[in-house]
């Protein structure tokens, strides 16, 4: 019997019977694999499995960047043998040790994040194929390299929605294999869990890429547009006199139907539609490819979810998936705000009204008979949510629940405070709430106002208050003036970096004359304040780094203004260029950040992209200066995103809370045996400077993070001008934020031309006096001293197989 593929067939000799098969499980992937074999220029690893990258690449990375384990506790409670004490090198009843257990815990978080993005991608892909068909072309802007992550992983270059299916199937298949290794009695070696985590991270970027490219193509999002529209942002942008429909989550599928309903019924100026988290970003991208005037609003990041509910402003809340608080229904109930769950991943125990009538459902929700409902039919969702917001607005105003608490209630709550300090101890960022309460009792609410921006809205303080004071409501009430003026601007997510931008900037990045790419991504679980990401972005933008952002990071960068009242998005261009601030989009748009680095390797470096992860990653690690920042990372998705960057040789700095992820990847910069690569010209070993010296680490303060990130953009292949520019920035930033010169600056000097021009003479004196280097002062040249010699034609690689004659 011939092999079945997708399509339809009929069986002869059966009268009036036709059997139609729309899709055979695995057939799309099998067809893609057959097609892959026919293509030229294919790398060695299309459609990889758990073991594929292990020896060729992952273990090479992990040999240099050794895992640093930070357990949360000494016990393992994973199976019924336990709990087992794993302290002091003891093994559990199953035989696993602390390293293996900790590796499993980190790995579990990575695959959870990968699964989240993959499921997001599967949902959007199936939905958009159902609506638009498999033949819808992937119009993503003026680029030939449309799907770098998919291409590197599968060897395929899909051109339509339907052609993405093999990549989606591959991610799902490998996730099943990865999840199986977590079971008791499976993998026990920490190093192999780390290798599997890196593999999962690469799949995560495939899942994210699928999620974003299908919505860009089908929903008319901006397509690699550096001039995407500016969007109003902040709690102060919401008009309280209008019904407010508030959306929260990451999957914009259902929200587009709300927008369609509003546009069809001419309600865009009569109803406020705004959101939090990545759904907010993506609703501002819908139909914006032609840069029409936007009417939707971005309220802010996840940290504002509870704050916006406590404000009483939303008339209806619609949630979809990812990074949505678990207490939204009970919190909304207090203020008569109906909650609609629009995605099966979050249903909150609410009654399912997907098949119920529109009028019946609106009446149930409006009357308060039910606190909310599950509505998975997007056509109904669009109509019900908008109409319900219009009807709830006057009802809630009449009930007096538009804003809480009253001035009298605020004073009563403040006076109840016993100054016990429990809230201070419970606060994850140690906000001095007792001191603010003390001043508030005296009528000075400025200290409470100061807490508004720093507060991450977790409500842990309220859980421990013996007086049952709703502390978050106290802070928000005291900050009403600030909230009313909380208005920023953010450029709508532009999508991919175009091939043309890569060609224009690739040489500068590889040579080092553009100092590097700084990617500000991740969640708002900041250890200091949200303004830290603004300070970091501004510092690097003024120094002509390319700053790219996604998700909550992109939002928080745009919430603050300079002395002229301008946000960063108004001050700096939106192109992928030196000194450009590029809002790529939502969380799933992170794939385009790794995609940009991959494109540099493929387009500028001439590397084969198809099925060729190790070569692409090797090029990025040695040549492309880039560093990620997830300053408020909290979720499993943040872990998988960062790990996906790591496998491609892109380091990431995380905030102080992120040690709770349990693992960092830090090299020993003093161990010279770790800092050797091959010269691809002849296969000989060549020493390189310790750059980058980590793949994943944490910083305590944003002041510490800035010079750390500048240093992480140094690369072995920098030419002398690029090295001089990068060292100038690193050394200046170290002096500005830490004080003095870095201890190891001299390790990066190969020739006098590497030295920062303005301080060249002084630094040469230090090299002579402190390091014993020989200097020819007449010629102002370094005669001897550097262990690394500059060779402009050297071809550094970690892969022996790439060397000539290998």
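Heads up, the Cβ atoms here are built off N, Cα and C, so glycines get one too.
Keep in mind it's a predicted model, so treat the numbers as computed, not measured.
Residues or ranges marked as [4Fe-4S] cluster 1 binding site in Swiss-Prot: 73, 77. Residues annotated as [4Fe-4S] cluster 2 binding site in Swiss-Prot, with sequence analysis given as evidence: 76, 79, 84, 94. The annotation CO binding site is assigned in Swiss-Prot to 117 on the grounds of sequence analysis. Positions annotated as [Ni-4Fe-4S] cluster binding site by Swiss-Prot: 250, 278, 323, 523, 552, 587. Sequence annotations record features per position, and here Swiss-Prot assigns domain '4Fe-4S ferredoxin-type 1' to 406-436 based on sequence analysis. Residues or ranges marked as [4Fe-4S] cluster 3 binding site in Swiss-Prot (evidence: sequence analysis): 417, 420, 423, 465. Here Swiss-Prot flags 427, 455, 458, 461 as [4Fe-4S] cluster 4 binding site. Sequence annotations record features per position, and here Swiss-Prot assigns domain '4Fe-4S ferredoxin-type 2' to 445-475.
Structure coloured by features recorded in Swiss-Prot.
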{"residue": "79", "record": "[4Fe-4S] cluster 2 binding site", "Cβ contacts under 8 Å, 6 or more apart": "94, 184"}
{"residue": "250", "record": "[Ni-4Fe-4S] cluster binding site", "Cβ contacts under 8 Å, 6 or more apart": "120, 277, 278, 279, 282, 320, 321, 322, 323, 586, 587, 588"}
{"residue": "417", "record": "[4Fe-4S] cluster 3 binding site", "Cβ contacts under 8 Å, 6 or more apart": "434, 437, 438, 441, 467, 469"}
{"residue": "420", "record": "[4Fe-4S] cluster 3 binding site", "Cβ contacts under 8 Å, 6 or more apart": "434, 466"}
{"residue": "427", "record": "[4Fe-4S] cluster 4 binding site", "Cβ contacts under 8 Å, 6 or more apart": "433, 460, 461"}
{"residue": "523", "record": "[Ni-4Fe-4S] cluster binding site", "Cβ contacts under 8 Å, 6 or more apart": "301, 302, 323, 551, 552, 630, 632, 633, 634, 635, 638"}
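Neighbour counts were taken as the number of other C-beta atoms within 10 angstroms of each residue's C-beta; across the binding-site residues 94, 465, the minimum falls on 94.
Comparing residue 84 ([4Fe-4S] cluster 2 binding site) with residue 77 ([4Fe-4S] cluster 1 binding site), their Cα atoms are 7 Å apart once rounded. Summary of the [4Fe-4S] cluster 3 site environment: with the site residues 417, 420, 423, 465 set aside, the chain residues having Cβ atoms within 8 Å of the Cβ mean position are 418, 419, 421, 422, 433, 434, 437, 461, 464, 466, 467, 469, 471. Taking the Cβ of residue 76 ([4Fe-4S] cluster 2 binding site) as reference, residues of its chain lying under 8 Å away and at least six apart in sequence are, in sequence order, 82, 83, 84, 86, 92, 96, 101. Using a 10 Å Cβ-Cβ cutoff, residue 323 ([Ni-4Fe-4S] cluster binding site) registers 24 neighbours. There are 26 other CB atoms within 10 A of the CB of residue 455 ([4Fe-4S] cluster 4 binding site), with all protein chains counted.
The Cβ of residue 458 ([4Fe-4S] cluster 4 binding site) has 18 neighbouring Cβ atoms from other residues within 10 Å, across all protein chains displayed. Taking only the Cα positions, the spacing between residue 73 ([4Fe-4S] cluster 1 binding site) and residue 458 ([4Fe-4S] cluster 4 binding site) is 23 angstrom. Counting only the Cα atoms, the space from residue 455 ([4Fe-4S] cluster 4 binding site) to residue 465 ([4Fe-4S] cluster 3 binding site) is about 16 angstrom. Cα of residue 458 ([4Fe-4S] cluster 4 binding site) to Cα of residue 423 ([4Fe-4S] cluster 3 binding site): a distance of 12 Å. For residue 423 ([4Fe-4S] cluster 3 binding site), applying a Cβ distance below 8 Å and a minimum sequence separation of six or more within one chain yields 433, 434, 461, 462, 464, 465, 471. By the criterion of other Cβ atoms within 10 Å of the residue's own Cβ, the least surrounded of the binding-site residues 77, 461, 587 is 77.
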